[in-house]
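Here's what TrEMBL has on this protein:
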DOMAIN    C:18-207  domain 'ABC transmembrane type-1'
TRANSMEM  C:20-44  transmembrane segment
TRANSMEM  C:56-77  transmembrane segment
TRANSMEM  C:89-108  transmembrane segment
TRANSMEM  C:153-176  transmembrane segment
TRANSMEM  C:188-208  transmembrane segment
């Protein structure tokens with residue numbers, strides 16, 4: 001039996017008075033491709049942000065490879081994890097953001113090389129080769145010395161993916177990565193993701209509004225509504241065969 | 001010299017006598033600068049290119065040279081210019097000297113406020129056949145001024161802190177009184193400390209008030225914040 | 001009528017003060033930059049005591065007038081440290097440095113804070129340590145953001161050096177005052193030349209500031 005690489009156990013998250021996640025239980029298996037869909041405010045982005053250590057759960061536990069992400073043992077007790085603990089586990093997780101968040105003061109090649117060199121202390125030449133290869137793979141091999149400000153939105157997002165991939169994560173998180181793009185640029189980004197889904201054995205979690213795309217590449221689809229996982233199953237099951245009224249309402253609005 | 005509490009309490013009322021002049025100067029200089037600022041702003045908008053270049057560099061000259069020197073020029077030099085023959089009182093010299101100096105900063109503030117008004121507003125005003133005066137009065141200025149009010153408020157506080165320079169030409173504000181007391185009693189430290197305290201007591205709450213004002217203004221006028229607030233739901 | 005003789009005579013006189021003006025400016029500038037970074041970073045510290053203590057410094061020096069600070073230090077330093085610093089040069093440098101250091105610390109603090117949140121999150125996602133995030137991502141961008149304001153404050157410090165003439169330092173204005181008090185009718189020429197002198201010194205700084213604005217426009221992500 002394959003063990004899950006990520007486990008959410010009864011995770012709750014409140015922002016002030018507002019409870020956004022009301023008890024999430026989820027297992028993610030190695031190599032699984034998961035799409036998370038749902039209306040605004042349902043908490044879908046918060047789920048992956050907690051895994052990326054950008055938000056802390058209000059209660060509940062998240063395990064990565066069997067290790068508790070947000071808690072650690074100290075003198076026989078479980079206390080809130082310190083930065084060192086978070087960094088150890090974080091090294092297996094990567095994220096691509098809705099607004100790219102490329103480093104504007106570096107070329108796209110430098111954007112990709114900086115983290116492996118400084119964080120993982122890898123050999124500079126090796127990192128350079130890998131970065132060039134990755135940037136070529138996402139179709140930007142001819143713009144290595146350009147700065148982010150010189151690229152289109154779609155190009156920036158592809159760089160962002162290359163940058164995350166060079167770190168060789170076991171899990172890649174995608175936070176509505178096409179929502180901030182002009183419609184004609186969305187396709188090139190989806191193509192890259194499709195290629196990754198087909199050829200990479202890392203787990204991928206995509207928060208997205210692109211239903212047809214989700215149908216195409218996802219092994220599992222989660223419908224998040226009002227802070228809980230309202231529907232879970234294969235893409236076909238969730239998007240085409242569910243009889244959940246709210247889900248159907250939601251799909252009506254989003255499927256072209 | 002050691003700290004002497006007796007002197008401190010003795011000097012207090014003496015120094016305080018200068019408060020009227022200090023505050024009066026601040027208000028007068030500030031109002032003068034506010035008025036003159038408009039002058040610079042409209043001067044800059046004159047379409048002639050050489051004129052624009054000249055005005056820009058005149059402003060830069062005034063802005064980048066020490067206000068103290070400008071003050072001395074007005075007080076000592078101006079009356080000496082052949083044909084002028086008018087001597088200015090310390091108070092008047094300060095108003096002119098500091099007022100002109102800071103009017104250049106105020107002019108810049110007005111300019112940034114005006115430039116932040118959407119270009120479309122001008123076009124709409126023209127299409128509706130407003131006269132130039134009406135355009136400014138009803139459409140442009142009402143949109144240009146409110147966002148820069150916090151910045152203008154800041155300059156009031158800045159003015160307050162620059163006014164003590166006037167003591168060097170004899171304006172009897174709190175710094176002048178403190179130095180006078182010091183000279184008479186050979187005890188400068190305590191009166192100067194009093195001046196510092198008075199400044200803090202007056203400027204610190206004003207600064208906080210301005211910050212609050214800025215926050216209020218920002219949430220009303222910052223379209224980014226408005227956009228952000230409306231998308232808060234989508235972030236989750 | 002401008003007497004050409006007067007012009008030729010006055011300028012060299014004023015130039016005698018150049019050394020003091022420039023040396024006070026450079027020393028005060030360096031001191032203020034150091035204070036700006038130290039205080040700015042301290043105000044971002046997680047330690048409440050460091051934060052509050054630095055805030056006291058910043059608020060006192062921002063809330064009071066430079067000329068008052070100058071006079072105060074002139075009398076206070078000999079008393080507090082029991083020494084005559086030998087000259088008032090140090091008093092001037094310290095006063096200007098502390099005053100503008102306080103203002104610039106806000107610029108440091110503000111620009112670090114305004115580097116977009118997304119940059120920090122991207123750095124976290126790439127598993128950089130807090131120190132690496134600062135050094136590789138936030139600081140380089142914040143530095144670019146600070147440049148225009150820092151150049152602006154440097155020009156202000158040049159203007160501020162004229163105040164040291166009030167505590168007896170022989171700078172440009174000091175020599176101008178001497179000529180004026182010897183011969184009041186010369187006052188217009190003298191002070192106009194003093195202004196021109198300061199303006200000439202300011203020109204390179206003004207150009208630097210324009211350059212700084214250009215640099216800060218690229219290479220920074222802020223929202």
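Using N, Cα and C of the backbone, Cβ positions are placed for all residues, glycine too.
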Mind pulling out the one from C:56-77, C:89-108, C:153-176, C:188-208 with the most Cβ pairs under 8 angstroms to the transmembrane segment (C:20-44)? C:89-108
Sequence-distant contacts of the transmembrane segment (C:153-176), meaning Cβ under 8 Å and at least 6 residues beyond its ends, amount to 13-18, 20-21, 24-25, 28-29, 32, 66-67, 70-71, 74, 87-89, 91-92, 96, 99-100, 103-104, 107, 190-191, 193-194, 197-198, 201-202, 205-206, 208-209
Which sequence positions outside the transmembrane segment (C:56-77), separated from its termini by at least 6 residues, show Cβ-Cβ distances below 8 Å to it? 39, 43, 83, 85, 88, 90-92, 94-96, 98-99, 101-103, 105-106, 160, 163-164, 166-167
